[in-house]
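Engineer: Please read through the structure below; I'll follow up with questions.
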Amino acid sequence: MDNSGPKNTCCGSLRDFFTSAKFLIYMGHALSTWGDRMWNFAVAVFLVELYGNSLLLTAVYGLVVAGSVLLLGAIIGDWVDRNPRLKVAQTSLLVQNSCVIVCGILLMIVFQFKEQLVELYNGWILTTCYILVISIANIANLASTATAITIQRDWVVVVAGQDSSKLADMNATVRIIDQLTNILAPMLVGQIMAFGSHFVGCGFISGWNLCSMCLEYALLWKVYQKTPALAVKAGQKEQHQELKQLSPPSDMENNQSPEESSQPLMNEATVVARPDSPKQQGCCYQVAEPLRTFKAGWVAYYNQNIFFAGMSLAFLYMTVLGFDCITTGYAYTQGLNGSVLSLLMGASAVSGICGTVAFTWVRKKCGLIRTGFISGVAQLSCLMLCVISVFAPGSPFDLSVSPFQDLYTHLVGEKTLPEVDQSLSSILSSGNATTPAPAEELSPLQSYMSVSLLFSGVIAARVGLWSFDLTVTQLIQENVIESERGVINGVQNSMNYLLDLLHFIMVILAPNPEAFGLLVIISVSFVAMGHMMYFRFAFKSLRSRLFLCCSPEQKVETVDRPSLPTTV
């Protein structure tokens, strides 16, 4: 009996963990992000393949996605706030996966019958298919945004309860899942497309999302059953009914008469209907409702006490110092091959995981606000290596070459373009213009010191970046009231996409490698401005806490003095 006791205790603990709401959220998030990462990687490859190895469709898709989240982020967040949690999670899950499945099937048809579709109606049928794929994929991305807001920004907070340490651990675990799926999921779908075909890849992604949708749906329901607090949302009559479904009626409720039991529901219905009564005044009022929601969301975001913290996170998106297509393209111009880049991306993911682990440890030692300060200093210090790389040997940085030369030559129609853009100019000109041979060929790099410093700084800065991201995320979770949690996070996503759009516009204006050093300096400047905003927020927050710590002593003195005898 002595030996079986610890074994039973250990087995019971493992069983409790694997059936807990926290673990079920991790499982559902892993399935969701795995499907998202596969689709985001594959859709760009599919669009490039369909349009003759051109980036036009991919660029249009990226612009549509970013613009949609920028304009509809606040409206999506408001929809999350106004509806019951389970309804929001289930609806966004079904819409997202259904759209991906439809896109996969549509792409399979296009890949299989592309030659026939080109001949029908002068190719308009194929163009319609492209428009449908981009539109449906954009709807899937909007539904994914709603899922991220409701699960990562709301459900996680409710499951963690009032335990700040548990919330930090859950946020860090969710972010580690993001990092791992960001590496493994593209590798899997890439191998399937390489050894199979794009047709097989589309079928695999559609099948995966169909199976994943069913599993995620079941996991969401299990989490909802295990966490009754998820059914409670201020001002929602439907959620009171959901509470009754989760818990059996008590004896008091069974003994009530029908008139007594129906009276609260009638009152709630009248309370809910009153705000909706002005909406029935006219059609123009209803049409303008999204605009009012958009404005109210941004005003609410501006009035939050964590406004500068959220802005600081958004400013970090205005950078070329990440492992996206821009940095990858620059690395190719500097002589790095795909094998080296894959190793660097793996090192970046490991660095990001170290940042999430460091966040939980530093937060316990120094507190949440100071963790953001330390993370910001660490990130800025590492990014100084990127600034040094601009002036190091082997850097193509040249101020004598105008960063806007490519844009100018394209607008005025000159025939000479920089050597780096000759392949792009040949695609745009479609053989109508001839470009002369370059004056001189690119010589092999004399030194890899510049690019080595650049990627060393980028990889090392990921520790501070992800720790800072988790800090701001938890600050928003803990400081935004429940009724505004969705709309504030929706506006935060819009701000992130806005700065991300600006960084792409910056690259479009200065695309040549000689100007990349200037983009690095601008990126580090925006990161520095973002952390200055956070330092301002941290200073005000710590000063207000210090004032609150000192004020009780002053209050005690003012309260105790009147209690003393006024006469001798």
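Cβ from N, Cα, C; glycine included.
Below, the features straight out of TrEMBL:
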- 55-80: transmembrane segment (TRANSMEM)
- 92-111: transmembrane segment (TRANSMEM)
- 123-143: transmembrane segment (TRANSMEM)
- 241-265: region 'Disordered' (REGION)
- 252-265: compositional bias 'Polar residues' (COMPBIAS)
- 306-332: transmembrane segment (TRANSMEM)
- 338-361: transmembrane segment (TRANSMEM)
- 373-392: transmembrane segment (TRANSMEM)
- 515-535: transmembrane segment (TRANSMEM)
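Situate these features within the shown structure.
Structural biologist: Sequence-distant contacts of the transmembrane segment (55-80) (same chain, six or more residues past either end, CB-CB distance under 8 Å): 43-44, 47-48, 88, 130, 134-135, 137-138, 141-142, 145-146, 149-150, 154, 290, 293-294, 296-298, 301, 485-494, 497-498, 500-501, 504.
For the transmembrane segment (338-361), the list of distant contacts is 168-169, 172, 175-176, 179-180, 182-183, 323, 328, 331-332, 371, 375, 455, 458-460, 462-467, 470-471: same-chain residues at least six beyond its ends, Cβ to Cβ under 8 Å.
Using a Cβ-Cβ cut-off under 8 Å and counting only residues 6 or more beyond its ends in the same chain, the transmembrane segment (373-392) has close neighbours at 312, 321, 355, 359, 362, 366, 447, 449-454, 456-458, 460-461, 463-465, 467-468, 471, 517, 520-521, 523-524, 527-528, 531, 534-535, 538.
Long-range contacts of the transmembrane segment (515-535) within the same chain, counting only residues at least 6 positions beyond its ends with a Cβ under 8 Å from a Cβ of the stretch, are 308-309, 311-316, 318-321, 330, 372-373, 376-377, 379-380, 383-384, 386-387, 389-391, 395-397, 399, 401, 403, 454, 468, 472, 499, 503, 506-507.
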